[in-house]
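These come from TrEMBL:
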type	residues	note
DOMAIN	31-129	domain 'GST N-terminal'
Amino acid sequence: MFVHRLSSRAAGAVRLWNGEPARRSTPAPTPELILFEYEASPWCRRVRETLGVLGLAALIKPCPRETLRAEGAFGATSRHRPEAAAAAAEAGASSRLSFPLLVDRTAGVTLSDSAAICEHLWSLYGGGVERPTLDQALNPRRRTLLDFPLLAAPSALRPWPEAGLMLAPSEPNQQPLLLYGCEADAGSRLVREALCSLQLEYRSQPRPLSAPLPALEDPNSGFAAFGARQALEHLDRTHRTGEALGWLAPLPSPNLGEARMHPVLARLLGR
Ligand SMILES: N[C@@H](CCC(=O)N[C@@H](CS)C(=O)NCC(=O)O)C(=O)O
């Protein structure tokens, strides 16, 4: 646990603890937001930081990977990717399935690019919020070459497949769990990683770093507790049914998503 706590702490530190709710002159709005994402994705982090800064709650539908060999692939065990693919198709997305994908039911839009999602959230729900200078620097409105390495650094510090990258078998939850957490908080990250790999749908409610974090409530079993250790034990005991898939997991068969090989892998294999 020590290594995990330390590396999770470092993951928050490399982003300079960005993602805490900013000061607002009015209470945070409560739009109906559904975010399809996975913890280890750099671009998903950008959106989660923005939701945190704006103090916006969202229903998270984790879409961990089943393979690293192809982008947008998924098999029958993927719980939320089929719904994400359907939402993207309904919105007329022409490109491959990618994450983050935001469905904003209040505004009636579905967006699939992290920069566009952040722009959307700021323009609709950022009234009365003074954007922290740090967030402006780390998540600039124009794209820069530094975006990817800066956003990927936290996941590089947590390179384990079960750290919100690869799918782990689990019992599905009937009702969403509720996580009071902060993007930058070490314990919150550990709990998000487990929720993600286990594909457990949850409502994310941003809190400042000074709050007692993380707090997890599971209406399916009546569990409610502060602290990462208790939350992780609960998730393992109640929902996990097996170990996460490994780095080298093959393409799911049948593959219900895309079969395009990762461009770097394709180049290495000369295809
Ligand atoms: N430019 C897009 C990039 C999105 C993207 O490439 N996401 C990756 C995860 S980092 C993805 O969805 N890969 C497909 C997969 O996970 O199957 C954005 O900013 O949202």
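All positions are counted from 1 along the displayed chain.
Each residue, glycine too, has its Cβ placed from N, Cα and C.
Residues belonging to the domain 'GST N-terminal' (31-129) score a mean pLDDT of 96 in the model. According to DSSP, the secondary structure content of the domain 'GST N-terminal' (31-129) in residues is 35 helix, 20 strand, 44 coil.
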